[in-house]
Structure formats: structure tokens, C-alpha cells
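Reading through the C-alpha cells given below for one structure.
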């Protein structure tokens, strides 16, 4: 036998190579182009290797997708999710009503809390359940929650179930009604053939025919109809709500030959609305009293009824407000944030014989006026401050009380009875109230203008106790290093519900220069200095005020004064995360401080040292942690 040829030997080697590598994920190749599209080619010197990519299996020359979902332990989908195989990988899919959360698997989606996910009716309440949600119609309404409407008799006092679009809703018929303005409904109009077969629902009569139904039997062949319909009963007063009456039709000598049930309500504007139904026969139509055309009592207040006198309608005080004893005169007191308002009811004053009302406070320059917001009252207003209008301030440890006296007369001169009404408003002491009632608090203030939301004022003050209700007063404070400083910042004006006051950097310097390179940070980058155990941040970025405390200290070296500075920021709670997240022992370098947003307070002098306030130079040296003295400061910021 001769020697095997080189070609035959090469074929054997190649075949052996394929057999050896077929069972592995890696194969040697001559060129990278021989590798499968889902393989990675590696060239190492003279060897070219094909390796299947992650998620695929094969020898590199041929790679097929690995189904991780079918192999135990090959995927990390949670038990409540489904594994879906994808080319080279897999994905975990949650069932409807759930969302994939890292580390938690599939968690329930609260469709009620996220806009656009629930499709409940506007009146319905969304109730979240695991994997879905429910829609519940309110009490008195019927429906499946995706559609809700009221049912007759289910609405509250003074309300009725009325059409609104394609649904029925509970509403006040004084606002939800249609109008009838036909002049021929007047009882003075002659015969005709009108028939109210199409009337159903709440209506108000307006126009030249009259504003209310006739209350007496109407002669036949009037109101442009054959058998006129009139209201068999009196109209209700506004405090009676919705009442039921009978409308009678006059024909053939009978004032009530036919009848229909109607409902009537007296409205605050001095008019009436009627829930009418189609009459039982034709030709029948509802008639109006022509005397109600003029003087329709549109100006009647809620304390008055619309009454007819000699064919003319006018406003008349309700019987409930008639009093004969001055001691029964009621007054309404409103204690506002900045002023106090005391009011007396006009109807009660009229019943006591006050045709004219002269009312004033201890300072007679503060006199009464007709309340524009409520025609039933005459009012007088005084600022909630000590002094204006004769207002007197008294305070204790918990409250500040402003008091004054209201004087009442029916003439500009008084000979006999001098009527006095003492009134007072008490306000719980907080940072704002305590500063307002202090004679000369140490305060720093800053004005801030935020585009579209108005002007804000930020104040900073130093308080004596952890209640933050006793501010230090005067231009400077002297304290020992054993004392604690209680520092409060507060925001006034503008939309306080939207913005939170955030103290970004609060620090002390030995001089009045806020840019002094020697700084001791109490709050830095929104977080307290954790190396000082005496620092306590009570509130920051949570509301319209901020509070922190620290033990008094002094700077090492020849420094006896401490000045406090706070950089503040108005945080938009609708678009920003305002409350700082602070944890661990960190003390960062911080960002550049915006001096236009810095409140400055001081000096605070170490007890036993005579203060020299005129020093304003920058100071270099070491800080010895004793603890800082603080005064109140006020700052004004402008944001464009």
C-alpha cells in the first residue's frame, strides 16, 4: 500500500475537527464570515474562533435561540409573572392590572391614583382592588359606575333629579331650569288654543306675561287657552325648599275640573321655579299673574321673602328675623389672618327700628359699610394689629388676643341708649403670630417674585424656646455657649399651597460678611451637618416654614461675634421633590451660594464679652465648636 496522499490526510483532519467541535458552543473557522450571525468571531494570532452569543446555543457556526423560559433556573421571572422567550433573551410580563417592579416582581397598579387609567363616571368613586378597580356611584345615584344618574326622590333637601346632557344628576332647580317667556300666559290675555302638552321639568316664568303663577281661579278663555291653569295654594318661602302643590284648570263652572301635580321652589333671587307636567287634557295652559311683571324681587336677599302688597311685589324680612329685644341681636365675627370683621344682620336691625345704621369701632374713623359679598349684613373691619381702629393686643404663653368694641346707633347723635358690642379674636401663637405681636423682633426679610404666582416674603428670626413662639427682641443678642439657638424661617404671601420653603445652606461666620471664607455650616446642600450632634432640623422643604436648632458656639481665635446666614429657595411642590433626603455621615463640599437668596442675622455676642458690631471684615482662623448665637433676619428674593 502506498503512502496516503496529502489531500486525503487533510480531509481526515477537517472531518475530525468538525466531529470534535460540533458538541460545543465554540468552533474554529478559517474566516469570520463562516461564523453564524448570532455568534461572535474572535481572532487570536492564527486561530479564528466562532462563539454563540449569550442566549443562543450551538457550535458558533450554527447558533439557535435558547428558550430560557423552558429551562428551570434560566430566567428570574417571579411566580406572578409570565416568562416570554425572545431572540437571545427573555422578558417577564405581568398580567393586566399589574406592573413589573425591580426586585418586587409584579405589583398591583393603582388605577385610581394614576390619571388616565380609570374610566369611572365623573360622579363615581374609583376603588382600587388587586389587579383591577371598581367604580361606585354616589349615594342617591344608580348605575354601574361607568355611568351614574340619580333617581327621583334620591336627592337631598332643595335638590331634584334633573337632566344634564344624557344623564340625570342631583341639582338645585334654581340654577338648573328652562324659561317660559310667552306674554300670552298673563291672566289679562284673551282666549286662544294653547296647550302645554310638551312641558316636563323645571321652568321659570319671565317676561311681560308675569314671573309667577296665579294663585286664584282664572276665568275661562284666558291666557291664550280654553281652561286656564292656576296654582291652588300659596307660594312657599325660600326656607321651605321644594314643596308640592296642585295646579287646577277652570272649565264648565268648576275652578278645579282638572288638576296636575306640580312642585315649587322659592329661589334666593326672589323668583320661583316650577316642576311642571303636561296637563291631562287640551286645551289647558299654565297662567301667570301680570302683577308680578314689575318688582320681581330680583334683589331680595336670603333673609327676605318676596311679598305682594296692593298688586306690587317687594322684599320683606322673614318672620324668623323679627326681634324686639336688643339682647337678641346676633353678630357674626370673622377672625382672618390679617384682619377682623364683625357684622350685624340688616333684618334684625330693621325689626329693632334701625331705619338707618351708624356703627363704628373704638376709633370712630373705622365705621360700618354695606357688605358687598352679602347684602344681608352691615359690617366693619379692623386690622388684626395693636393700635389701628383702637384695637388692643393682649397675649399669654399660648395665644395673642385682639379686642375692640363696636358702637351702634340709629342717629348721628346719641342721648339715651349707647349700644356696645365687645368682640375679640384669639390666635394661637406660632412663628408668624409671635413675630407680629413682638414689639421689636430681630428679623431679616427677603422679597421673592415668582412668575405668575405673585410676591412672596421670607423672614428669618431667632427664638428663645423650642416652641418657636418667643422671638428675641432688639438689634443684637447676648448668649452663653450653653444656650440653644432656635432659628425659624417662614414664607408669607402668594400661593402658599404650592410652594415649600427650602433652606439650602445655613451657616455662621465671625463677621457680618456673608461671603467670609471662614464658615461653619449648620445646613449644607439641604442637609444638616452630621458631625455636630447639637444640630436638629425640625422642618425643611415640607411647608411654608423651616426650623432648626443648634447649641451656641464661638469661633476659635479672637472672635466673640457670630452672624448667621441662610440661603433659601422656593420649591414648587407640583414639579419638584422638596423634602431633602439625608442619611449617613456626609459633609459635602456644596455648590456656589446665591447671595441674592441669603438672609443675614446678627450679631450674636458671647456672654461676658462686649460686642463690637462695626466689624465687617472677613476672618480666617479655626472653628471651635461651642455653638452659634442667632438673631432674626429678613430677606427678599426675586425669581424671574
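Using the three backbone atoms N, Cα and C, a Cβ is placed for every residue, glycine included.
Annotation comment: Swiss-Prot describes 32-41, 52-63, 94-106, 174-267, 217-255, 248-256, 297-306, 317-347, 335-425, 366-389, 506-566, 571-578 (among others) as disulfide bond. Residues annotated as domain 'EGF-like 2' in Swiss-Prot, with sequence analysis given as evidence: 65-107. If you look up Swiss-Prot, you'll see 292-323 marked as domain 'EGF-like 4', on the strength of a curator's inference. Taken from Swiss-Prot, the feature N-linked glycosylation site covers 38, 76, 80, 232, 275, 322, 396, 513, 513. Summarising the annotation, Swiss-Prot assigns region 'D10C' to 172-291 and lists a curator's inference as the type of evidence. Positions annotated as region 'ZP-N' by Swiss-Prot: 334-429. As annotated by Swiss-Prot, region 'ZP-C' applies to 454-589, with the evidence given as a curator's inference. Residues or ranges marked as region 'External hydrophobic patch (EHP)' by Swiss-Prot: 598-606. Under the heading signal peptide, Swiss-Prot lists 1-24.
Positions of Swiss-Prot features highlighted on the structure.
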{"residue": "106", "record": "disulfide bond", "DSSP class": "strand"}
{"residue": "255", "record": "disulfide bond", "DSSP class": "strand"}
{"residue": "267", "record": "disulfide bond", "DSSP class": "coil"}
{"residue": "335", "record": "disulfide bond", "DSSP class": "strand"}
{"residue": "347", "record": "disulfide bond", "DSSP class": "helix"}
{"residue": "366", "record": "disulfide bond", "DSSP class": "coil"}
{"residue": "425", "record": "disulfide bond", "DSSP class": "strand"}
{"residue": "513", "record": "N-linked glycosylation site", "DSSP class": "coil"}
{"residue": "578", "record": "disulfide bond", "DSSP class": "coil"}
> Given the recorded positions 38, 52, 80, 256, which one's Cα is the least distant from that of residue 513 (N-linked glycosylation site)?
Replying inline: 80
>> Are there any residues at least 6 positions away along the chain from residue 335 (disulfide bond) with a Cβ closer than 8 Å to its Cβ? List them or say none.
In response: 384, 425, 426, 427
> Which of the listed glycosylation sites (38, 80, 232, 396) has the least company, meaning the fewest other Cβ atoms within 10 Å of its Cβ?
Replying inline: 396
> Using a Cβ-Cβ cut-off under 8 angstroms and a sequence gap of six or more, which residues of the chain neighbour residue 322 (N-linked glycosylation site)?
Replying inline: 347, 348, 351
> Distance between residue 106 (disulfide bond) and residue 41 (disulfide bond) at the Cα atoms, whole Å?
Replying inline: 38
>> If you count other C-beta atoms within 10 angstroms, which of the disulfide-bonded residues 255, 347 is the most crowded?
In response: 347
> Quick one: mean pLDDT on the region 'D10C' (172-291)?
Replying inline: 92
> Can you check what DSSP calls residue 76 (N-linked glycosylation site), collapsed to helix, strand or coil?
Replying inline: coil
>> Name the residue among the glycosylation sites 76, 275, 513 whose Cβ has the smallest number of other Cβ atoms within 10 Å.
In response: 76
